Each structure stands twice: as structure tokens, then as C-alpha cells.
Amino acid sequence: MAVSSSSDVIVLSVGIILAALYLFREQIFSAAKPKTVQVPSSKAAAGGNGNPRDFIAKMKEGKKRIVIFYGSQTGTAEEYAIRLAKEAKSKFGLASLVCDPEEYDFENLDQVPEDCCVFFVMATYGEGEPTDNAVQLCQNLSDESFEFSNGEHKLPGLKYVIFGLGNKTYEHYNLISRNVDRDLQKMGAIRIGERGEGDDDKSMEEDYLEWKDGMWEAFAKAMNVEEGQGGDSPDFVVTEVFDHPEEKVYLGELSARALTRTKGIHDAKNPYPAPIIAAKELFAPGSDRNCVHIELSTESSGITYQHGDHVGVWPSNADKEVDRLLYALGLHEKKDTVINIESLDPALAKVPFPVPTTYATVLRHYIDISALAGRQILGVLAKFAPNPEAEAVLKDLNSNKEHYQNIVANGCMKLGEVLQYAAGNDLHADPTASNTTAWKIPFDIIVSSIPRLQPRYYSISSSPKLYPNAIHATVVVLKYKSEKAPRVEERWIYGVGSNFLLNLKYASHHDKAATLVSDDSPSEPSIVSHYPTYSIEGPRGAYKQGDVVKVPIHVRRSTFRLPTNPKSPVIMIGPGTGVAPFRGFVQERVAMARRTIEKHGPEGLADWGPIRLYYGCRRSDQDFLYKDEWPEYAKELHGKFIMRCAFSREPPYKPDGSKIYVQDLIWEDAEQIADAILNGKGYVYICGDAKSMSKSVEETLCRILGEAKGGSAEVEGAAELKLLKERNRLLLDVWS
């Protein structure tokens with residue numbers, strides 16, 4: 001209906017204004033009122049109901065003499081923090097507050113009582129960086145302008161203990177724990193014992209065990225406490241349940257959302273069962289290794305990714321290892337019994353997985369029974385041995401480091417295998433009730449002693465620009481030989497995640513494990529081989545529905561990214577499966593090139609910087625990954641993509657007969673690389689093995705840059721490399 005007169009317009013306008021004033025009266029008029037802020041009383045602030053970020057108040061309220069802060073990216077540092085808390089309780093009867101530093105403020109760190117101690121368990125992440133949850137803590141300690149409650153940047157007399165977690169294959173080994181230690185001492189804090197440093201490249205566990213005994217001795221003196229004041233008390237109580245609704249029992253689901261299949265985001269607590277679109281073997285027939293290319297559908301999942309991100313795959317433990325431990329614990333007949341688990345001290349030990357669940361589910365899906373059996377746990381389990389002989393074996397392996405190394409570590413023995421070994425059982429036979437001695441180990445000890453089964457991360461080898469509804473991964477299947485030990489034959493050891501994926505690949509092709517690459521060859525007839533199989537159906541058949549096989553995944557974000565400007569030169573070094581993210585990088589550029597050519601023709605790429613890929617493998621006819629794809633990408637990029645390959649087991653070789661690797665090709669192209677980096681402001685990416693390849697490549701880059709600057713690799717070259725890292729123009733995605 002049309003408005004017929006100006007008076008009608010005025011009346012209508014006034015009506016609208018009045019209605020708006022009424023509807024939004026609180027927002028409009030409350031702005032004029034002064035806001036009142038409730039300030040908690042000092043008594044409330046000091047208690048648990050006060051500031052939740054006040055760790056001092058929580059220590060006092062809980063009568064804790066120890067506070068333990070952990071900087072953890074993958075959960076390992078947190079596990080060691082909890083172990084230290086448990087040992088403080090069992091040795092000295094001292095209660096600890098285990099804290100994620102991200103959840104607390106540190107202005108009152110100077111208020112820690114004199115009879116208390118602060119522990120720091122700090123992992124070094126990436127290129128000498130603090131873990132995400134420890135960034136603020138490290139900044140507060142290092143920033144001299146940061147003031148504690150005393151108005152100064154000082155911590156006089158603060159007692160502390162520090163243990164660092166790192167990997168010697170990385171340049172900045174344990175840098176964060178060293179920096180924290182340095183900063184604390186500069187502020188007048190007093191370290192108890194030596195600074196501990198664990199090396200994940202060798203044995204974090206052994207480094208921890210060697211450090212902790214001397215630390216606890218120094219701790220007892222500094223804190224004026226005596227060992228023996230604690231006691232062995234369980235962390236959990238396990239109860240068998242017989243009347244719980246079946247649909248509410250966790251059978252491998254990681255969260256309530258996953259159990260109820262509630263719609264929501266998919267993350268580490270709620271992985272997405274991604275259907276396998278395609279899966280194929282990348283190595284040539286006759287190879288002694290497997291490499292799986294797998295394509296996973298993310299359509300309608302809400303999952304997004306970028307080139308350079310990682311896909312987290314949630315594996316299960318192999319069937320044989322689950323059965324082995326069920327028999328060794330005397331639980332095989334009760335494997336499907338529903339159990340509930342409660343923590344006796346939630347502040348110290350949280351139940352690490354959802355409950356109620358079953359014995360078999362815990363061993364298959366929730367804890368890492370496939371890991372190397374730790375020396376410390378063997379001492380704990382000795383008293384539950386079925387006979388004196390088995391007890392003596394475990395005590396010896398626990399106390400004798402050399403025996404443990406020769407038998408358990410060199411033999412790559414899992415906990416179930418060690419229990420069989422100690423009891424005199426045959427490790428190589430399929431476990432049964434008749435050939436596996438049952439131990440009377442309380443299940444709560446298994447839960448508290450074995451860490452969670454973690455996802456395995458793989459570089460995504462596709463670009464969302466070409467594959468918006470699919471994630472590709474390139475996974476070499478881990479298989480290596482153990483060393484022969486007394487009563488333990490040399491045998492094949494299989495990686496959990498990659499062999500899980502290999503099983504899924506064959507299931508998606510309706511093949512059996514018998515079609516896998518042969519484990520034995522005429523030259524190695526004595527190696528014991530039992531290729532692992534997995535229950536791939538998943539909880540309640542969620543991962544296999546008819547002919548569709550699914551993989552539980554989530555995406556982990558990365559900063560491993562191409563420069564946004566295609567004019568910047570790019571240098572990528574990725575031998576073996578290190579080439580995986582670079583396939584995604586090249587696809588990203590191909591997608592951009594297609595759009596550019598569509599608008600401006602091929603000349604639109606004229607000012608693009610070159611994309612150089614240095615790739616290496618054994619043989620061009622055996623393990624050259626995506627061999628047929630690279631020439632197609634090169635065509636689409638009209639000369640901007642250059643690929644050089646080093647084949648270590650076929651000619652040409654060096655003049656002295658030695659093998660050619662990617663770093664040799666980089667040195668051959670020294671002039672072009674120096675020009676791309678120094679004049680073209682190019683970006684360098686390295687992906688692959690951190691032990692030797694990454695170090696050798698960085699050393700070669702130092703030589704190239706040092707010579708280009710008219711100096712040496714050690715001075716000018718190292719300075720340029722450092723500058724590249726600081727400016728995020730040298731990025732690494734490496735593993736040991």
C-alpha cells in the first residue's frame with residue numbers, strides 16, 4: 001500500500017523511531033550508566049574460587065609444595081611432568097600442582113613460598129621455539145621489562161628444577177630449557193640439581209632416568225625431606241560394569257561427540273572418518289619396500305586445508321599385539337567386559353581416554369602398547385611376576401642398563417613381548433592361552449604406565465586449489481630389522497601408522513595381506529616375519545561400511561607455505577617422501593597459472609620466479625615418486641618449474657665413485673641458487689630426514705651463500721642462513 005500524504009509519512013516515521021527506542025532501550029541507555037565491576041575480596045582471590053589463573057592460590061589451597069609447568073606440543077613433556085609429580089608423591093609424600101602455563105599468570109612467581117619448588121619441563125619445538133602453550137611463560141622470563149609483584153624482574157631464592165626435551169638432529173637442541181635455565185639464574189633463582197636434557201633422537205627415557213636419580217637426591221637436601229615418606233598408591237581405580245547401556249560404551253571413539261555422532265567440527269578429539277577415494281602403490285613391482293599414495297574424501301565434512309598442512313591419522317594397534325597383552329594380563333576371556341576407570345587424584349592423573357570402555361578397546365585404540373617397553377615400568381611390574389624367575393628377569397632389565405639395551409632396546413621389544421620373554425614364552429608364536437603365561441598385573445597400572453596412542457602425522461601431498469574435497473598423503477611403509485638378542489631372533493619391526501594405512505589400502509582393493517611385499521628374500525631367510533594385521537572396521541564398524549573403507553583423520557595447520565607472490569623464486573629440497581608437500585606446492589602454482597593464463601595468456605607468467613625442486617631417491621625405475629606427474633606440471637608452468645633428480649643407486653656417480661645426493665645437485669647449481677636467494681629474495685624449503693639430509697643441505701647452502709658474499713661458509717654463509725630463518729624465507733618440515 002502506498003503512503004498517501006506527508007503527514008502519514010511523519011506519523012509512520014515517528015512510530016518506527018519509538019518502536020526502535022523501545023526494542024533497544026537497554027543497549028542505548030545502559031551506555032550512559034557507569035558499569036560496575038565486581039572485585040573479589042582478598043580472601044576470595046586467594047582461594048580456589050578467586051582468580052583461576054593464580055597458581056599460588058591453588059598451591060596453598062591444595063597444600064602443594066611443588067608446582068610443575070610443562071611446555072608440550074605433542075603431549076610428551078606433559079607425560080614427564082606427571083611422572084615427576086607421581087615420583088614426588090611416592091618418594092617424599094609431597095603433593096604437586098601440574099600446570100599448563102598457558103592457563104596461568106606469572107606476575108606472582110616471586111611469591112612461591114620458601115619451602116616450595118617450581119619444576120619446568122620444557123620441550124623445544126621447530127627451529128628452537130617454545131611450544132605454543134609456553135610462549136607467554138618464556139617471554140615473561142626473558143623480558144627484562146616484565147615485572148613480578150615485587151616491582152622488579154627478579155626471583156631471588158626461588159628454588160627450581162628443570163628438564164628439557166629436544167632432538168640433537170635439530171640445530172637448536174634443547175634451546176628453550178637452556179634459555180629458561182639461563183633467565184631464571186639471571187634473576188637470582190636457585191637450581192636444584194643439574195639441568196636435565198632428553199634427546200628424542202636416541203633415548204629420551206634413558207636420559208630422563210639417568211638425570212632424575214641425582215636430581216631427587218639434590219631435591220631431598222634442598223627441600224629438607226626424606227625419601228620413604230610417600231608410598232605406592234594407585235592413580236586409578238578400575239571397576240567392571242555389567243549393566244551399562246551398550247550404546248554408551250566407548251569402543252574406540254575419542255569423545256562424546258564421536259560416540260553420539262553429533263555434528264560439529266572435526267579435530268583431534270573428533271576425527272573424521274574419511275572415505276578412501278583411491279589408494280595405490282608408488283614403488284615399482286619387485287621393490288623391497290612399500291609406499292602408499294592415498295586419497296581421502298573430505299566432502300561435506302567441513303574440513304579445510306592448505307598446501308603444506310599435515311593430516312593426522314589415528315591408527316589402532318596391531319591385532320597380534322592386542323592379543324599378546326590380553327593373554328599376558330590374563331584378560332583375553334574378559335576382553336569385552338565393560339570397565340569404568342576413575343582417577344583417585346584428578347589434579348595429578350586424569351583418565352587419559354573416555355570411559356566406560358572395554359579391556360580390549362583400551363589396548364587396541366587408546367594406549368600405545370606397540371611402543372618400546374620402558375625400563376622404569378619393568379621395575380614396577382616385577383612384583384606381579386608369575387614366578388621368581390620372571391621377577392628376576394624384570395628386575396635385571398630394570399636395573400641393568402646394558403642388559404636392557406641389548407635385549408629390549410636392540411630387540412625393539414614391546415611390553416607384551418617383554419612379559420613373554422621374562423616368563424620364558426615363545427615370542428614368535430601366535431599368542432594363545434596355552435603358550436602365554438598370565439601375570440596378575442592390576443589394569444590400573446597398565447593405564448597409568450603406558451602413554452596414549454597418538455595420531456601419526458603426514459605431510460599433505462595435494463593442493464586444495466586442485467583437490468578441494470580430497471586430501472592426498474604419501475606414506476612410505478616403515479619396516480626395519482631388529483638386532484638379534486638372547487632368546488630373541490632377528491625379526492622385522494613394523495611402524496604402527498604406516499602399516500595401518502597399508503592394511504586399509506589393501507582392504508579398499510579387497511586384497512589380502514598375503515599380497516603385500518615379501519618380508520623375506522633368499523638373502524635373508526633367517527629373519528622372523530609376522531606381517532601385522534589390524535581390525536580396520538573401527539568402533540561399531542564406523543570405518544568400513546560395505547565396500548567403503550574409511551580413515552579417521554584430522555588436519556593440523558602448518559606455516560610451511562609458499563610465498564603469496566609468484567614472482568618470488570622458490571627452492572624446494574625433498575628427497576624420498578620429503579617430496580610430498582612439494583607436490584602440493586607445485587599443484588598450488590599450477591592452479592594459479594591456469595587462472596593467470598586464462599586471463600592474460602602464457603605471457604602472464606613471464607615475470608614469475610622459477611620454482612626449483614631437488615629430489616632424490618634410489619633408482620629412477622624403482623622409487624621415483626610421481627614420476628609421470630612432474631613433466632605434466634612443467635608443461636602447465638611454461639618453463640617456470642625446474643626439477644633435478646639425484647639417483648643414489650644408479651649412474652652417474654661422482655668421479656671417486658661415491659653416490660650423488662640432493663646436496664650435490666644444489667652445489668652444482670650454486671650460482672642460480674645464490675642469485676635466487678640474494679638477488680631474487682627467494683624462499684627455500686627443506687622437507688625430509690633431519691639426521692643427515694637436512695644438515696647436509698644447510699651446510700651446502702652456507703657454502704653457496706658464503707662464497708657469493710665473498711666470505712666463508714662458517715661466517716658469512718651462516719649469517720645469511722640465520723637471516724633467512726629469521727625472515728621466514730627458510731622453512732623446514734623435517735623429522736628424525
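Please read every residue number as a count from 1 along the shown chain.
Yeah, the Cβs are placed from backbone N, Cα and C, and that goes for glycine too.
These figures come from a predicted structure and were not determined experimentally.
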*According to Swiss-Prot, ARG456, TYR457, TYR458, SER459, THR474, VAL475, VAL476, TYR480, GLY495, VAL496, GLY497, SER498 bind FAD; so which of TRP630, TRP667, TRP735 is the extra one listed there?*
TRP735
*Neighbour tally for LYS659 (NADP(+) binding site), based on other Cβ positions within 10 Å of its Cβ*: 14
*In Å, how long is the longest CA to CA span across ARG456, TYR457, TYR458, SER459, THR474, VAL475, VAL476, TYR480, GLY495, VAL496, GLY497, SER498, TRP735, which the record gives as the FAD binders?*
22
_Spatial neighbour of TYR458 (FAD binding site) that is closest, considering only the binding-site residues ALA123, GLY126, TYR170, SER648, GLN663 and their CA atoms_ = GLY126
_Tell me which of the binding-site residues ARG289, ARG456, THR474, TYR661, TRP735 ends up closest to TYR170 (FMN binding site) in space, Cα to Cα._
TRP735
_In whole Å, how far does the CA atom of VAL476 (FAD binding site) lie from that of SER648 (NADP(+) binding site)?_
18
*Just give me the nearest neighbour of TYR173 (FMN binding site) among the binding-site residues GLY495, GLY497, GLN663, Cα to Cα.*
GLN663
*Integer Cα-Cα distance in angstrom, GLY126 (FMN binding site) to ARG289 (NADP(+) binding site)*: 29
*Quick one, of the binding-site residues SER72, ASN167, THR474, SER648, GLN663, which Cβ has the fewest other Cβ within 10 Å?*
SER648
_Residue with minimal Cβ packing [other Cβ atoms within 10 Å] among the binding-site residues ALA123, VAL476_ = VAL476
